[in-house]
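Okay, structure first, notes after.
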Amino acid sequence: MDPSQNPNVFHATTIVCVRRGEHVAIAGDGQVTLGHTVMKGNARKVRRLGRDGQVLAGFAGAAADAFTLFELFEAKLEKHGQLQRAAVELAKDWRTERRLGKLEALLAVADKETSLIISGTGDVIEPEDGIIAIGSGGSYALSAARALMAHTELDARTIASEAIGIAGDICIYTNRNVVVEEL
């Protein structure tokens, strides 16, 4: 089945990461959807990880798979202590371990210097413009964040929050209950 047609996959959230100046923010909505039913409106899908909480992470995808990825990424981060190294090591594991290859989730991760997407195929992608948007409302949030970056002086936190709000107005799998973490 095409993932876009599966009611249990990638329809649970929108995450956006915005980097502006010396600041980076990751925001996520709070809606959890199972099939065509909203199960929860205040889920927390954005977290601080690593020593002293210096890495931000947000997940989109099947909930159990996303939590598994969070745990695996956090273990790599604790072991290697550096965002890019942890992401690459997780991607290596993802490509070699069968159980990981079937996980249907994406992670957006960021520290003070770097923002990355860790994809469901084990790819590690660094955006060229400092903006990441994943999940069911990702395209809407990405468009909103890019417009706000280009035409306003808003800070990273505000842009991330507004982008989720705009996505929440358009995407039925996203709400306006926004959680933001910032470095």
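For all residues, glycine too, the Cβ spot is worked out from N, Cα and C.
According to DSSP, Thr13 (active site) sits in a coil region rather than a helix or strand. If you take the C-beta of Thr13 (active site) and look for same-chain residues 6 or more apart in sequence within under 8 angstroms, you find Gly28, Asp29, Gln31, Val32, Ala43, Lys45, Phe59, Ala60, Gly135, Ser136, Gly137, Tyr173, Thr174. The active site annotation in Swiss-Prot covers Thr13.
Look at Swiss-Prot and you will find Gly168, Cys171, Thr174 tagged as Na(+) binding site, backed by sequence analysis. Gly168 (Na(+) binding site) carries a helical DSSP state (H, G or I).
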Worksheet item: To test your reading of the Na(+) site: which residues beyond Gly168, Cys171, Thr174, same chain only, put their Cβ within 8 Å of the Cβ centroid of those residues?
Response: Thr14, Asp29, Gln31, Ser136, Gly137, Tyr140, Ala141, Ile164, Ala167, Asp169, Ile170, Ile172, Tyr173, Asn175, Arg176
Response to the item:
Of the binding-site residues listed (Gly168, Cys171, Thr174), the greatest number of other CB atoms within 10 A surrounds the CB of Thr174
